[in-house]
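Structure first, then comments.
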Amino acid sequence: MTAEKSKALAAALAQIEKQFGKGSIMRMGDGEAAEDIQVVSTGSLGLDIALGVGGLPRGRVVEIYGPESSGKTTLTLQVIAELQKLGGTAAFIDAEHALDVQYAAKLGVNVPDLLISQPDTGEQALEITDALVRSGSIDMIVIDSVAALVPKAEIEGEMGDSLPGLQARLMSQALRKLTGTIKRTNCLVIFINQIRMKIGVMFGNPETTTGGNALKFYSSVRLDIRRIGSIKKNDEVIGNETRVKVVKNKVSPPFREAIFDILYGEGISRQGEIIDLGVQAKIVDKAGAWYSYNGEKIGQGKDNAREFLRENPEIAREIENRIRESLGVAAMPDGAGHDEAEAMDEEE
C-alpha cells in the first residue's frame, strides 16, 4: 500500500473509532480479533469431535432440531451441565412448560443455580432472552422451543384465526436484535426446534423447521438429531441409539456425524462412546465380544466394558485423552466430566 493510501486509511479508521467507539473496526491480525474460538462441550465426545472445534462455539446462535423424543432437550441439558462444571451461568427459557427438573438433576445439571423462565408469549420469551444477553453475565441461554414461541396476537385471537407468517416475523426481528449482542457478550444461545412436513412436496426432503428461515441464516451451527435404534438389556429397552448430523457449521467443515447412546435416566453414555471411538482409533482392542486396553481385558460385551470404565474413571480419562490426541482435539482437563459421573454413581 502506498504512503498516501496508508495515510487515508489511518484517517478513516480513526474517524470510525471516534464515531462508533474503540474496537468498532480492527485488523484480523490484532489479538482481540484473531483469538481462538471458545467452546462448551456437548457432553458427547463424538459430537465434540464432529463439530471440529471441541464443542459448541460461544458468542454464536445454535439450532438443534429433530423429531419428537429424539434427545434434543437431553442434549441441551448435558451442555448446561458441562458449562456449569466450568463455572458458567445458564438460563433455560421453557416456552413448552415441560422441563423435568429431576431429570435435569440426574444429567448433572446444578438445578439450584439454573435460571428458568416459563413465559406466556413468544414476545415475552424473546424479550427475556434479550435482557439476559444484554446483562453480559449469562454464559448460555436455551430456548425450548421455537415452535412454542406463540405470538401474543395468536394467543389473544380466536382458535381458528389465520395469522400467516406472524411467528416467522417475530423470530426474524428478534434475531436481528440479538445477534450482535450475543457476539459482544460471548453468550451461547441454543434454540431447540421441531420438525414439520411441507404439504405437496413430490421430490426432495418434505421436512422443514418452524419459525421461518431467519434462524437458519443466523445460526452458526445447526444440528439434526435422530433416534436410529433402541438399546436393550435382556428384553428391556434401556435407551436409544442416537445420530447427530452437523448440517451447518460456520466454525469448521460441516456434514460430519456422531453416533452415541442416550440411556434413560442417565443421558449420553460417555463410557459407551469411549469404547466405540477407542475401537475405531485402534486404542481399544476388540476380539469377539471381549474388549481390552493395553493388553488387559476390560469386559465381555459392551455393557460390561462400559461398567468397567464407569468404575475406573482414571482409565476412561486416559483412553479419552488418547482418542482426542489421535484426532487433534484438545485433551480433557483432569477431573472434568468423569468425576461428575462417579459422584452420580455414588449417590445411586
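Even glycines carry a Cβ here, placed using N, Cα and C.
Bear in mind that the values here come from a model prediction, so they are computed numbers and not experimental data.
It is 327-348, from the ranges 19-40, 217-238, 327-348, that Swiss-Prot records as region 'Disordered'. Within 10 Å of the Cβ of PRO67 (ATP binding site) there are 14 other Cβ atoms, across all protein chains. Cβ proximity to the ATP site centre (mean Cβ of GLY66, PRO67, GLU68, SER69, SER70, GLY71, LYS72, THR73, cutoff 8 Å) flags the following additional same-chain residues: ILE225, ARG227. Packing around SER69 (ATP binding site) is summarised by its Cβ count: 10 other Cβ atoms lie within 10 angstroms of its Cβ, all protein chains included.
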